[in-house]
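Okay, handing you the structure first.
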Amino acid sequence: MKISVFNGPNLNALGTREPGIYGADTLADIEAACRTTAADLGVDLDFLQTNQEGALVDAFHAARDTSDGVVINAGAYTHTSIALRDAISATELPTVELHLSNTHAREAFRHHSMIAPVCVGLILGFGAYGYPLAVTALVQHLKQGNAP
């Protein structure tokens, strides 16, 4: 089983960008934690971080042939990207939406997700720990044959 983990805009700055909101862990720290979880679960992972919306869309299309599911922190594109929503829907890959912060406890514009309706689940507000949670949840979902 293979899971892709996609990270959107500004997530390359984790560890230094607003640590009071996003925590002190870097993206490399998060990837290491995910790899540990994946090894325990016996699954392979690949990672992508991009600040470009089109690159995320392309990544979903490529993942259709290489991955069993996707964990995505789409960052700000969560709230704006119909293109990303359409890519998730078109590829039919089981996808978990993830956010480090509780977006519903923040600014009103962060309360709506364009992608949540086409994702199998949502994890938010647990900081860096949300990533291993999302990987674990997606693997469990896939092992259950995509049952809710």
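Including glycine, each Cβ sits where the backbone N, Cα and C put it.
Reproduced below are the annotations present in Swiss-Prot:
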ACT_SITE  Y22  active site, proton acceptor
ACT_SITE  H99  active site, proton donor
BINDING   N73, H79, D86, L100, S101, R110  substrate binding site
SITE      R17  site 'Transition state stabilizer'
For R17 (site 'Transition state stabilizer'), write down the residues of its own chain that are at least 6 apart in sequence and whose Cβ falls under 8 Å from its Cβ; none is a fine answer.
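Non-local contacts for R17 (site 'Transition state stabilizer'): N10.
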Starting from the Cα of H99 (active site, proton donor), work out which of the binding-site residues (N73, H79, D86) are within 10 Å.
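Matched binding-site residues: N73, sequence order.
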I'd like the Cβ neighbour count for the residue listed as 'active site, proton donor', meaning other Cβ atoms within 10 Å of its Cβ, all protein chains included.
24
Could you tell me which of these binding-site residues, N73, D86, L100, S101, has the greatest number of Cβ atoms within 10 Å of its own Cβ?
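In terms of Cβ crowding, the pick is N73.
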Within 10 angstroms of the C-beta of H79 (substrate binding site), what count of other C-beta atoms is obtained when all protein chains are considered?
16
